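Beneath this line is the structure, given in structure tokens, with notes to follow.
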Amino acid sequence: MIYVVLGILCTLIMSVPYLISGTENFGDESVISKYFITIEYVFIFILMVLLAGLRYNVGTDYVLYSGYQIPMVLEGQDANVEPLYQLLIRFGNMLGSYQWIFFFTHFIILFFILKFIKEQSLNSVLSIYILIFGTFYNFSLNVMRQSLATAIFLYSIKYIYEKRYFRYFFLILVAYFFHHSSILFVPFYFLRYFRVKWWKITPFIALITLFLMPIRRFLVNVFFSLDFYTNYFNSKFDNGHVDTAIIFINIFVLLIMLLVEYFEKVDVKLKIQGNIQIIAVFFSAVSMIIPNSYRINYLFIPIQIVLVPNLIKTIKIRWIKMILIGLVGIAYAILFYSMVLKYNYGETLPYSSVL
């Protein structure tokens, strides 16, 4: 329940200036004082960092970090932890408690995520809603290093728009030294040159389901060559499980993309964001052949935090826009209910604190 309260509270905090001003451009930060916008982000940042930093035994990986990986890093043993996160562990431990490690992890995650929203979203209110009810926040409480790397990647997308390849690849390198999954983001720089219509790609994704085993062999070869995710294949997690809620939300967002592409002109930024979502749709389509695909999917679906608001903002017909906002609110509420409240993915419930 605490996450529901957090989601509603943060969404309301982001909404206040627009409600007071009475502007029709709800969520558009250009019509609100920068002073108020900054205060909003600071409040939301503090709330979310404190909730994450003060948690105790929340998330499946919390015990793994506390009882195994952190002690092994501090003892100088190989704990399969990347160099920059090892530095973060040592720095946090210097302050006297493992809890500082969890605090600083989410300090970095939320710094980059909120910068991502502030600089790339056309409706920050809806983005904050999706950040929490889209379950990335809960996911980050469990899969911390991957979430940290993903947050850095999301922020770095702006350098794809600007064709500043050095800055993009530098940030991906930084992300890589927090979590090796970031190697998958290297070719994403070239998505700006992929201009095929989304509706032309969609049938091919549907056909992919007919060739799952050859695709699995290909993915196994890729992951093993990158020395990434290898522990999951042929393990207890390699059981053909399908996350229907993730498939549902990916198809829902894809339908919005097709609607926007049909009625409106898609600019370069939106095209890049949409192309990342296409990759998310692909991985959800083949999720049954990827062990613990839940983690792989969360490398890509956080793009929805800005993609969905930006798609809706592009639509000029007001009544269609309002219907879509309502449907988005319902769809992500269903996703949150399924992933967090019902199935408790990542075991972020019940919430308990060190206080």
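Note that Cβ sites are derived from N, Cα and C of the backbone, with glycine treated the same way.
According to TrEMBL, the feature transmembrane segment maps to 6-23, 35-56, 97-114, 126-145, 165-191, 203-224, 244-260, 272-290, 319-340.
Just going by CB pairs under 8 A, the stretch in 97-114, 165-191, 203-224, 244-260 that sits most against the transmembrane segment (272-290) is 203-224. Listed by sequence, the residues of this chain that lie at least six past the ends of the transmembrane segment (126-145) yet keep a Cβ under 8 A from its Cβ atoms are 3, 6-7, 10-11, 14, 27, 44, 48, 52, 55, 58-62, 65, 81-82, 85, 102, 105-106, 109, 113, 117, 151, 178-179, 249, 295, 298, 301-302, 304-306, 308-309, 312, 325, 328-329, 332-333, 335-336, 339-340, 345-348. Between the transmembrane segment (97-114) and the transmembrane segment (35-56), the number of CB pairs under 8 angstroms, six or more residues apart, is three or more, so the stretches are in contact.
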